[in-house]
């Protein structure tokens, strides 16, 4: 049996481009992909903090250090330049793999530059 777990998260990234006529996907600064462990063409989920939209696409690599988060194709109707998004990738793990499992969490500033990384989300206080 496999359990689907959060593999990686880019937390509160800012959309820098929205290209309706592009082939599709989401272009992400390559240094962010590397830090999070998200592979080019990997399926990702995008959660738009501004409007509540949640959608699936795949990652493509943008220039390292560029800060680019470009939502392309039909998904461009779901995210505008300046919107804050959470980008997640998931992985299926078997019971043996779960014991050592830790997600890659990447936190960015308003220019999509890495401010910190973590492998755990703090317990939410009531």
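Just so you know, glycine gets a Cβ as well, placed from its N, Cα and C.
Computed from a predicted structure; not experimentally measured.
Within the same chain, residues at least six positions away from residue 25 (pyruvic acid (Ser)) with a Cβ under 8 Å of its Cβ are 57, 58, 59, 60, 72, 73. Taken from Swiss-Prot, the feature pyruvic acid (Ser) covers 25.
Among the features that Swiss-Prot reports, active site, schiff-base intermediate with substrate is placed at 25.
Annotation source Swiss-Prot lists substrate binding site at 57, 73, 74, 75, citing sequence analysis. Around residue 75 (substrate binding site), a 10 Å sphere centred on its CB holds 21 further CB atoms from the protein chains shown.
What Swiss-Prot lists as active site, proton donor is 58, and the listing cites sequence analysis.
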In the same chain, outside 57, 73, 74, 75, whose C-beta lies within 8 angstroms of the Cβ mean position for the substrate site?
24, 25, 26, 55, 71, 72, 76, 78
Which of the three DSSP states, helix, strand or coil, fits residue 57 (substrate binding site)?
strand
If you tally other C-beta atoms within 10 angstroms for each of the binding-site residues 57, 73, 74, the top scorer is 57
